[in-house]
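Colleague: Handing you a structure now.
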């Protein structure tokens, strides 16, 4: 695809994401039972469940037309209810970590439910990835919209929040996600993230250390030994975190204590354009994933804490079996005034867009 066509297509995607979603909800019944739903165009298939608004499979052809499922996951919804991996879920109300499981907002201290030592991770022990969402609208060949009403005090967070997530197929090879959250009666932090674990060789192909990655973030937010940001913003230049030029993910693993689990500050995009996040390519299959977002950061995670997890078809996922690119606001922003704010005031709407493009050659 020539560059002009790619830019034109992405501009069209951006337009659709802001104006199409309002039209697809009218007149559709909600469904609060837990189910599995497929979006499909040709050989491109995405399966989801309304438990956690979770992606449970993405099936793509390789360079020879062979189909594989390229995301880690489980065989049954029951297993998603019992997992600690957050496979494929939308996590929130605040994704990533909040140090000390507390923050102060407008003079009030809020104590959250800790679930990661003394800290809160991905919204607490029952965050958005562990609740049943309503299916608001669904069409197999185009989209699915999930909604969730988060109540005041849920996991310690203030205020009622109305949340929606729409997954949409665009053309033959793009998956878009638009997440929104409207604060109804109190100011509250909101930071939603999509937590799919990708392995472009196929979910049973082993580790992702040979995948080539280019990541368009010139800085990171370094963390302490509890993975809480220190508040600094440091350049990646010359370090093992530098993926500004493509290279194998595992090429500098020896310089790290235990793989990658860090927030990158994404480089700025042109006005009214999405930021390009990353390009990931796996050489054997030829599959390539490109990602764009409206968010300021991305958590790059190499499944360092995955240990002998029984997944689809009984396959055992080991350390480094998948990679996550979780676009997001910066972790622990509520406790770091120098980070971009995640506070949504009553009547305001948080918006977060992701666009994936898949090819193989």
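Don't overthink the numbers, they just go from 1 along the chain as shown.
The backbone N, Cα and C atoms fix where each Cβ goes, glycine too.
Checked TrEMBL, it gives:
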type     : residues                   : note
SIGNAL   : 1-30                       : signal peptide
BINDING  : 96, 97, 195, 196, 197, 261 : beta-D-galactose binding site
ACT_SITE : 195                        : active site, proton donor
ACT_SITE : 326                        : active site, proton acceptor
Colleague: Express in Å, rounded to the nearest integer, the largest CA to CA distance found among the beta-D-galactose-binding residues 96, 97, 195, 196, 197, 261 named in the record.
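Modeller: Largest pairwise Cα separation, rounded: 18 Å.
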Colleague: Which of the listed recorded positions (261, 326) has the least company, meaning the fewest other Cβ atoms within 10 Å of its Cβ?
Modeller: 261
Colleague: I'd like to know which of these binding-site residues, 96, 196, is least surrounded, judged by other CB atoms within 10 A.
Modeller: 196
Colleague: Around residue 195 (beta-D-galactose binding site), how many other CB atoms lie within 10 A of its CB?
Modeller: 22
Colleague: Taking each of the binding-site residues 97, 197 in turn and counting other Cβ atoms within 10 Å of its Cβ, which one has the fewest?
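Modeller: 97, out of the binding-site residues 97, 197, has the fewest neighbouring Cβ atoms within 10 Å.
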Colleague: For residue 97 (beta-D-galactose binding site) and residue 326 (active site, proton acceptor), what Cα-Cα distance in Å is obtained after rounding to a whole number?
Modeller: 13
